[in-house]
Structure formats: C-alpha cells, structure tokens
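Straight from Swiss-Prot, the features:
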REGION    1-170  region 'N-terminal'
REGION    171-395  region 'Catalytic'
BINDING   198, 199, 200, 201, 292, 293, 294, 295, 334  ATP binding site
BINDING   198, 200, 296  sulfate binding site
ACT_SITE  199  active site
ACT_SITE  200  active site
ACT_SITE  201  active site
SITE      204  site 'Transition state stabilizer'
SITE      207  site 'Transition state stabilizer'
SITE      331  site 'Induces change in substrate recognition on ATP binding'
REGION    396-574  region 'Allosteric regulation domain'
BINDING   435, 436, 437, 438, 452, 478, 479  3'-phosphoadenylyl sulfate binding site
C-alpha cells in the first residue's frame with residue numbers, strides 16, 4: 001500500500017479546487033498580481049500538487065520561525081526547509097499587499113495566473129539567522145545563502161493558496177507525475193514497496209548497480225526520481241539528463257523501475273534537505289528513500305572546507321526516521337572490479353583487489369577532449385547522449401571579447417580574425433562590430449556607465465547564444481568597466497570558451513588614429529562621459545591576451561589569438 005502523506009492527508013489543491021477553477025480564474029484577472037521567480041514557480045507547483053504536504057501555502061511568520069529554529073511547523077509537524085514567497089517593498093506598495101488581501105500569482109513565462117494567495121501576514125525574515133540555522137553557516141559560498149542575500153527580496157508574504165491552473169510543461173510530459181498521479185500509477189502497477197532514488201546528475205553503471213541492489217535488498221520496485229527544477233549552478237541541464245535517464249531505463253530488469261520527474265528547486269541544504277527530500281518522496285507514495293553520502297551537499301565553503309560532513313545527512317534522517325515515516329536506505333558506494341567484471345560495494349572490496357573508477361572531473365575531461373569512456377563505467381547509449389550535449393573542444397563555440405579604447409585597433413583585429421577563422425570552415429563565425437551593435441542593439445543608449453553596462457550585457461547575451469550554438473563570436477566593444485566585462489564572461493562561458501583580449505593601445509595613439517574625430521568632439525563637450533577623457537577605462541587585470549597595436553601588426557595579433565585557440569583545442573584536430 002502506498003505510504004500515508006506527511007500530516008495524514010495529501011494536500012492536492014488541484015483536486016480540492018477543481019470545481020471552482022473557472023470562477024477563480026475570472027477573479028484572478030481582477031486582482032493585483034505578483035510575477036513569480038523561477039524558484040517560486042517550482043515551489044508553487046509542489047505546493048499546489050501536494051508534493052509539499054502538509055503545506056497549503058507559503059509559510060507565515062510563525063511557521064517560518066518554527067521551521068528555521070526547530071525544524072517544525074507551528075502545529076509541531078516536522079518540516080526542515082522554509083518555503084517562502086519573497087517580495088520587495090515596491091511590490092508590496094504596488095499590489096497593496098496586506099493581511100486578508102487576495103493576490104494573483106503569475107507564471108513568469110507567460111503571465112498566466114496559477115493561483116490566488118490570501119495574505120495572512122507580511123514580515124521581514126532574519127536572513128543571517130536563516131542561513132546559519134538552516135544551511136549551517138552565513139557564508140555566501142553556499143548557493144542558498146547567496147540566494148538569500150543577493151537575490152531574495154527583503155520581505156516574505158505568508159498565506160494560503162487556491163489553485164487556478166497548473167504550470168504548463170512542454171518537455172517530457174509523459175514522465176511528469178503529480179503525487180496523486182504517481183500514487184495511482186503505483187496502484188495500477190500493484191507496487192506496494194517502492195524505493196526512490198534522488199539525483200541531479202547523469203546516471204552511469206554504478207548508479208544502476210546501487211539502485212538495483214537497494215531494490216533487491218528491500219524486495220521493492222524502484223522509482224528514479226530526478227530533480228528537473230533548479231539544481232546547483234553549473235549542473236548539466238535537465239534536457240540532457242532526462243535523455244540519459246531514458247537511455248538507462250531499459251538496462252533495468254523488466255518491470256523493476258519507473259522514471260518520474262520532480263520539478264523541485266533544490267537549496268543544496270545537506271542534512272536538512274535530505275529530510276525534506278524524504279518527506280517529499282513520502283508524499284509521492286514511496287515506502288523507501290535512498291540517502292547518499294553528503295546528500296544535497298553544495299561542496300566547499302569560503303575557507304575551502306566542505307559545508308557538511310559526509311554522513312551528516314544520513315545521521316539526521318536516521319534521527320527523525322519515525323516522524324519521516326518511510327524507511328531510509330543508506331547509499332552504498334560501489335566500485336568496479338576489472339578482475340571479476342562486476343560492481344561491488346566499496347566496503348566489501350577484499351584487501352589487495354584492484355578497483356577502477358572515473359571521477360566527475362575526469363569524465364568531463366574525456367567528454368571535452370573526445371577521449372574514450374570505457375563501457376565498464378557507462379553504457380554506450382548514455383555516453384552518446386552526453387557527447388551530443390558535450391562535444392569535444394573543436395566542435396564547441398567560443399567568444400573572443402575585445403576591450404580597449406575607441407580607435408585602439410579592436411575592429412581591425414576583429415575583422416582580420418573573422419577572415420582567419422572563416423578559413424577553418426568548421427563553424428560559423430559572427431562579428432559583433434561596435435558600430436553595428438550600437439546601431440542595431442543599443443541605438444537608444446548613450447555613454448553613461450549605466451547605458452554602457454546595458455550595451456555590454458546585450459552583446460554578451462547575443463554572443464552567449466551564438467556560443468551555445470557552436471559558433472565563434474567576435475565582440476569588439478570598448479567595455480571600459482571591469483564589472484560589466486566580468487558579467488559578460490559569466491553569461492558567455494557557461495556555453496563555451498571565453499577569451500578576453502585587451503587591445504592596450506595608448507590614448508595618445510588612439511587620438512592620432514581617430515579618423516572620425518570622435519575624441520575632438522568629446523574634447524569640445526559635444527559628447528559627454530567619453531571613455532579615456534572624462535570617463536574612466538578600467539584596465540583589465542584578467543585578460544587572456546594583451547595587444548598593443550603600436551608594437552605589433554594586425555597579422556601578428558591575429559596569430560597570437562589563433563595560437564591561444566589552438567592550444568586550448570578550439571581549432572585544429574580534436
């Protein structure tokens with residue numbers, strides 16, 4: 001029999017409010033509204049479908065403080081992670097958010113109303129206290145703490161929800177089950193004992209082995225329940241991961257395993273998150289849950305030490321297992337024995353027996369360089385999916401981002417580089433010349449710091465999309481401010497290579513080379529806040545290459561860039 005939901009009743013607000021959704025939708029159109037963030041959208045979906053039972057809304061102050069301080073709601077039920085709706089002072093004033101007010105919550109993708117919140121209270125959370133107690137340290141190296149201090153707004157709104165409609169999904173719809181649907185699916189399959197496996201990473205042979213062992217030891221079936229909401233920054237995208245999971249599923253014994261996707265926004269909260277994950281799986285009807293070593297750990301703190309001990313998560317779920325109400329299965333690390341061609345638990349390896357493993361870092365290196373990935377480590381079908389999403393360097397996109405004063409020679413080098421790269425004929429090459437991007441992307445902008453930063457952000461977005469598509473993007477703005485350059489790098493490098501090239505031609509030479517007389521116009525006061533004259537140029541301290549056109553020719557400069565790309569494998573043989 002499927003497990004009883006946390007709190008005794010599954011809070012499926014879609015079912016509860018099904019008879020009045022038409023009237024709720026009509027009312028929502030008349031109400032002040034809040035457009036949700038991506039994390040709030042994930043939280044709302046699990047509030048509405050019962051995944052966060054017993055919650056029926058975002059935490060009010062009393063529940064919030066209880067969860068932060070004692071891991072309990074005001075009614076005494078165990079709950080470890082605050083589920084809050086953060087808003088700004090401006091949103092409060094604009095929507096007149098106050099107790100008893102009804103607010104429509106809108107999907108950020110299409111602005112459709114998803115729910116109506118009846119406000120109970122508005123309060124200012126103690127973010128440092130939340131960071132210290134929930135996540136173990138007020139350290140912004142932790143992604144959830146960084147979110148608290150740098151992204152989350154200053155106030156929380158607590159209140160109860162009514163469901164208008166569910167968020168739309170257009171990907172992997174057949175694998176998205178609400179708790180109600182998954183419980184019905186288990187009933188149809190006549191599954192009475194189900195082990196759930198949580199993951200935010202691709203799965204390989206070792207994962208298949210450890211999950212099969214867990215299911216066999218418990219005489220249970222298996223639910224692969226990966227997170228497809230928000231995970232740790234830098235994780236592999238969920239589209240790739242789901243293709244991996246689908247490639248892996250036929251490797252399980254027939255009828256043993258099912259795949260269901262969980263739209264959860266992870267906090268990487270370690271021990272507390274492990275308890276939270278177990279409660280969520282309990283609500284989805286499973287009877288057992290695998291908790292791993294350093295479960296949901298974010299890695300190192302700002303001092304280079306792990307935020308959590310390797311077994312803290314397992315210890316906390318063990319402490320509260322009677323309240324969690326499902327059996328916790330400790331994650332068994334397995335390792336490959338080439339002598340016997342099998343995976344065996346790491347703690348059962350006889351002394352002197354050779355074992356093999358490939359780390360995540362080594363796997364990424366092999367994917368980037370095109371080196372073989374042995375079949376003992378992963379299935380060919382899985383490797384094929386990963387190679388499609390992670391081609392070798394000479395098939396990846398990259399951006400060459402020039403920075404330097406006006407008339408420093410950036411455009412001449414950029415155009416020559418475009419011609420040189422076109423000789424390769426292995427990828428599309430796009431040049432975002434400064435005069436073109438000003439005219440086509442930022443014609444309404446001036447030369448203030450704010451306008452320059454916006455201009456750079458727009459160019460970085462375009463370059464990032466080109467890089468994502470496997471093209472070579474050449475960008476040649478002045479880009480005088482380090483903060484904007486660093487933001488551009490962050491935008492682009494998640495999709496491929498990024499090289500900052502400083503064209504360090506002296507100001508005096510730039511003035512001599514200025515055929516358009518821009519510097520003279522700036523000196524006469526016709527152009528305000530002009531870089532190099534009455535606005536600063538922050539010299540890069542992190543450039544990948546520095547070029548002075550007075551000391552080398554355009555051809556020499558291009559050759560240096562080509563050598564840099566060749567060294568890193570972006571051009572030439574894989």
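The backbone N, Cα and C atoms fix where each Cβ goes, and this holds for glycine too.
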Drop a 10 Å sphere on every Cβ of the binding-site residues 198, 436, 437 and tell me which sphere holds the fewest other Cβ atoms.
436
Binding-site residues compared (478, 479) - highest count of Cβ atoms within 10 Å:
479
At a 10 Å cut-off from the C-beta of residue 438 (3'-phosphoadenylyl sulfate binding site), count the other C-beta atoms across all protein chains.
14
Provide the three-state secondary structure of residue 207 (site 'Transition state stabilizer') computed with DSSP.
helix
May I ask for the distance between residue 479 (3'-phosphoadenylyl sulfate binding site) and residue 201 (active site), taken between their Cα atoms and rounded to an integer number of Å?
37
Whole-number answer please: how many Å between the C-alpha atoms of residue 331 (site 'Induces change in substrate recognition on ATP binding') and residue 292 (ATP binding site)?
4
From 294, 296, 334, 435, 437, 478, the binding-site residues whose CA lies within 10 Å of that of residue 199 (active site):
296
Could you check which of the binding-site residues 294, 296, 334, 436, 478 is the closest Cα neighbour of residue 201 (active site)?
296
Does residue 334 (ATP binding site) have same-chain partners at least 6 apart in sequence with Cβ under 8 Å from its own Cβ, and which are they?
206, 209, 210, 213, 343, 344, 345, 346
Other CB atoms, at most 10 A from the CB of residue 201 (active site):
15
Expressed to the nearest Å, what is the distance separating residue 452 (3'-phosphoadenylyl sulfate binding site) and residue 200 (ATP binding site) at their Cα atoms?
38
On a C-alpha basis, identify the one among 198, 200, 207, 292 that is nearest to residue 438 (3'-phosphoadenylyl sulfate binding site); the candidates are the recorded positions.
200
For the 3'-phosphoadenylyl sulfate binding residues given in the record (435, 436, 437, 438, 452, 478, 479), what is the largest pairwise C-alpha separation in angstrom?
15
